[in-house]
């Protein structure tokens, strides 16, 4: 019997992202700018299919062909003829919606595989109009993905490297040692891994590595290098067709840009995506930072490295959003207060950036977010050298927050009854505060100690001391080393944990709460629910831990579990966690927080832990940082709490993460917004209509890219 965690439930929450009013208020030129940026994002977003798994693109094309021939309502007739019940057809629609929403058959949040909850998938394909119109093509497509569609072999259950899982960033014969070796090579050539994939072969007994750069320009080879006892060849042209489509639409967006910063930003992005240059993307990001307070905000490229098992390759994403002025005013006030709040963080001044570069911080209503999932807030760019000296931007995605965190009381797990009402009432306001602090003062704080290529230090190595030991600083980042390249597999989660701790720590500040309109008793409720939400999230995080490989599949949830462990360890009754039997007779658990101890025991524990996190990060102390973080990340059955047993309880009572339906834009004289209902059918229809001019060509190219990759992704040869 298949574990239910590999199915998406039929009653999964699906909501439409509302951006009608925001889009209506744009000028015709701004609407056109948003349209072409959206087109670029959607084409680029298809790259995620190739990045996720060898079969994702095949499944996507199969579904697109079926739904293009028959809308979900019409296909239901074929489903009935194929012997599917109403529940089975709904399971099919949910699976299809899940594949579109995650841009692949692995969950974007948690990295586990999901499979169709129906045995009659093949019968439905054969009964469909698409099959009747092109039986040969459809049978071939089915043959390419039918096994992997359902397979739950241990290695295929989750994303990972080597024996720990599947990854399309590496050929199937690569392991952690190969990723580390390739990183050494890339560092030696001052190349970033963000827009690369790695493929290994053996020729005449010699290890040969191919580093593929994402680019529209399709050159055979742009460099062959002997490195230690191996050969590395660097090639352009990964995802060439899609990168070209991205560039074509960015060119059109350039004609509608509001100012020179936007034009130059787009020129650099086009150069980056044409030639595979991360340096050009950095240059574009510099212009993007200078483009303060635009009405239409966007960012595009290989951005977040959460899903690379090694932690240094970026997944493609592109977003386009419209500023929500009322909410943005609060964030602007938080930015103005940042210089007063930063000194409150629990590390010495030498560990803070030399000057705080006031960023844009806006609340946005998302029009388009193409990629594997949609976050609640973002702090970008991720380039350390730019963030440290030139700045960054923060965004909170208002229309995502509005629907993502709405909770029904009967579905609220692991809380006492009297906490549930408080949680439902104050979850929104408290999360708003946490996201603001997490993005601006979490990701935006802290200095990295660096010695550049010329031997120059950005700190006084004769005076700055480690606050934990009292000794002079003895380690730092050298040359082209970055946070991601040094801390690799733990970098993403460790940094999310640091940012979450900053949010918990600074939300205790009355001035911060006041900025968000929370005063008096209301402010106390916001603090309580923010901390309560964090410890509950730490417990829920156990869903994303795989005991077999002792690995975490989701950076944020690992971070929250670590925080739960820190607060449990603080003792004195601050956090209570007990196992029990639920009203339904099944195992349950209850987590509690003593609000009277948040400002004392809680604050002290977070203060101490946060300082340690920052010191290891600033000083490039990978060994110390890893020991600290992996110690708290351990999920065991011994000790006060049996976390392995609690994990089973969490899995028993978990609720599936919501999916979002996004609008399309199209030009018919003027630029129009096309909206869809918040359902599986609506989500499917939005994707069917997303590529109206060249869907078949796009699909043919996806199949060609998948075919080229397939042999080496699976076997490495």
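Glycine is no exception: its Cβ is also placed from the backbone N, Cα and C atoms.
Please treat TrEMBL annotations as automatic predictions, because they have not gone through curation.
Look at TrEMBL and you will find 438, 443, 496 tagged as Zn(2+) binding site. As annotated by TrEMBL, active site applies to 439.
Spacing of the residue listed as 'active site' relative to residue 496 (Zn(2+) binding site) is 10 Å (Cα to Cα, whole number).
When the recorded positions 439, 496 are compared by the number of other CB atoms within 10 angstroms of each CB, 496 has the fewest. Considering only the binding-site residues 438, 443, the Cβ with the fewest other Cβ atoms within 10 Å is that of 443. Compute the center of the Cβ atoms of 438, 443, 496, which mark the site for Zn(2+); besides them, the chain residues with Cβ within 8 Å of that center are 379, 439, 442, 495, 498, 499, 500, 502, 503.
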